[in-house]
């Protein structure tokens with residue numbers, strides 16, 4: 001491990017600063033209790049940066065991220081900045097440029113339904129079953145139809161308007177995301193399901209062929225393929241059959257949100273975006289939730305689990321990441337809840353949940 005591991009913390013807007021305060025409790029425990037050599041610096045991002053520095057992604061923030069080993073991100077955006085041009089708003093002008101600047105091509109979205117929270121899932125109880133489910137959706141983030149050229153809108157001579165986008169994938173883009181999926185499968189349950197539409201799309205034919213070739217390097221991992229339409233049905237029908245879902249940009253955008261909603265609370269779900277050097281941006285899967293900003297009722301678990309993902313994938317310290325995850329599970333088993341996951345009015349405030357998880361991590365109970 002490095003003698004110093006530098007983390008740029010970007011709290012952002014809405015509930016971002018509130019849940020980030022709870023993540024700091026975990027970071028301080030990692031420094032002081034587990035003796036991890038963390039160097040933590042905080043920078044402005046999003047609407048907060050617009051208000052204070054005039055732009056959503058200040059040069060100082062970008063430079064700080066360049067000089068770090070990982071980014072811990074909160075959330076950005078809110079109605080306050082909706083009057084700005086779209087490309088100047090916090091969401092478009094901060095997070096997307098960060099992803100592009102650091103070439104964060106792989107998005108990891110765990111979707112876990114804890115057995116203690118199965119009542120939250122919209123799925124029938126016999127589908128969610130007593131042990132819940134744990135899926136990791138791996139989405140290619142920098143290729144595909146969102147970035148393909150040409151794209152645009154036009155008008156034909158007979159006044160018929162039309163629009164077009166281009167789905168394009170290069171084999172190296174598929175190759176690197178596939179290798180990552182198989183490598184992560186070797187740390188989990190040795191199963192990868194690749195999702196495509198190769199019965200219709202040429203880009204999906206290349207996707208399936210490339211993933212199949214890469215799989216030969218990982219004979220211990222079982223590979224299966226599903227068309228996107230069937231995959232979305234199978235996830236609802238029996239999520240337990242899946243471990244890792246490997247998806248293109250468009251399909252991953254759809255599938256990762258589907259996996260998230262069947263857990264019942266997006267406030268529980270972290271995410272990571274990685275580049276080829278395993279530099280990563282770690283953030284909750286949810287948004288800035290301005291409607292509950294300042295009420296001290298936001299769920300900090302997704303932000304805390306984002307720290308766990310940073311430790312697992314950025315620092316490669318699986319055992320310590322497991323301890324953070326286990327602390328969350330232990331707290332849930334004891335019946336502690338925040339407002340979004342409580343089935344009654346007896347719930348903890350944001351800071352109280354952070355304290356309980358932090359104390360559990362220290363005690364190991």
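Glycine is no exception: its Cβ is also placed from the backbone N, Cα and C atoms.
Keep in mind that what you see is a predicted model, and the values were worked out from it rather than measured.
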Practice problem: Name the one residue among 139, 188, 208 that Swiss-Prot lists for the same substrate site as 99, 109, 229. | Solution: 139
Quiz prompt | Intrachain C-beta neighbours of residue 146 (site 'Important for catalysis'), sequence separation six or more, cut-off 8 angstroms | solution = 249, 250
Quiz item: Cα-Cα separation of residue 86 (NAD(+) binding site) and residue 109 (substrate binding site), in Å?
Solution: 26
Quiz item: Within 8 Å of the Cβ centre of 229, 253, 257, which other residues of the chain have their Cβ, at the recorded Mg(2+) site?
Solution: 228, 232, 250, 251, 252, 254, 255, 256, 258
Quiz item: Where the distance is taken from Cα to Cα, which of the recorded positions 82, 90, 197, 297 turns out closest to residue 139 (substrate binding site)?
Solution: 197
Quiz item: Highest CB neighbour count within 10 A among the binding-site residues 82, 253?
Solution: 253
Quiz prompt | Same chain, 6+ residues apart, C-beta under 8 Å of the C-beta of residue 99 (substrate binding site), given in sequence order | solution = 141, 142, 273, 281
